[in-house]
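*Asks:* I have a structure I would like to understand better, so I am pasting it below and will then ask my questions one at a time.
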Amino acid sequence: VHLTGEEKAAVTALWGKVNVDEVGGETLGRLLVVYPWTQRFFDSFGDLSSPDAVMSNPKVKAHGKKVLNSFSEGLKNLDNLKGTFAKLSELHCDKLHVDPENFKLLGNVLVCVLAHHFGKEFTPQVQAAYQKVVAGVANALAHKYH
């Protein structure tokens, strides 16, 4: 991902304020509610029968935290996203058979959640930088599919 120094600084500064537990759970939960077909990958998570059930599900929250911790690793390695996500790409492609389009959806949901949490602080410039990052991460996660 090519980010200017200003964009990297904006992404890093905002990410330092992110509560990974809260934002991770909300991001994955929203993905599962807004795009319900993604629930098929989470059969073992128990009750996903309603938006409230999804958003309060402890397994959704725990996996959301895990997802955002991986995203944090990506932010530390923006110059090598494919390398950073190689094993996860392989897992999601070969074992889990996740449609790579879902990575783009998740990235866009993350941007929505960040905008919701940070309001005016999430300026159009910050959003533009994050859109580049989530697109780069989605591309890296889809790499094994190519």
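For all residues, glycine too, the Cβ spot is worked out from N, Cα and C.
Per Swiss-Prot, heme b binding site is recorded for H63, H92. Residues or ranges marked as domain 'Globin' in Swiss-Prot (evidence: sequence analysis): 2-146. Taken from Swiss-Prot, the feature N-acetylvaline covers V1, and the record attributes it to similarity to another entry. Annotated phosphothreonine per Swiss-Prot: T12, in sequence order, evidence recorded as similarity to another entry. Sequence annotations record features per position, and here Swiss-Prot assigns phosphoserine to S44 based on similarity to another entry. Taken from Swiss-Prot, the feature N6-acetyllysine applies to K59, K82, K144, supported by similarity to another entry. The feature S-nitrosocysteine is assigned by Swiss-Prot to C93, with similarity to another entry given as support.
How about a rundown of where these features are and what they're close to?
*Replies:* The Cβ of H63 (heme b binding site) lies under 8 Å from the Cβ of G24, L28, F42, F45, each of which sits 6+ residues away along the same chain.
In the predicted model, residues of the domain 'Globin' (2-146) average a pLDDT of 88.
The secondary structure of V1 (N-acetylvaline), as reduced to three states from DSSP, is coil rather than helix or strand.
Under the DSSP three-state reduction, T12 (phosphothreonine) is assigned to helix.
Around S44 (phosphoserine), a 10 Å sphere centred on its CB holds 6 further CB atoms from the protein chains shown.
Taking Cβ-Cβ distances under 8 Å and a sequence separation of 6 or more, the neighbours of K59 (N6-acetyllysine) in its chain are F42, S44, F45, G46.
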*Asks:* Report the same-chain neighbours of T12 (phosphothreonine): residues 6+ apart in sequence with Cβ closer than 8 Å to its Cβ, ordered by sequence.
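*Replies:* Result: L75.
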*Asks:* Roughly how many angstrom lie between the C-alpha atoms of K82 (N6-acetyllysine) and V1 (N-acetylvaline)?
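*Replies:* Pair distance, Cα basis, whole Å: 10 Å.
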*Asks:* Please work out the number of neighbouring Cβ atoms within 10 Å of the Cβ of V1 (N-acetylvaline), leaving out its own Cβ.
*Replies:* 20
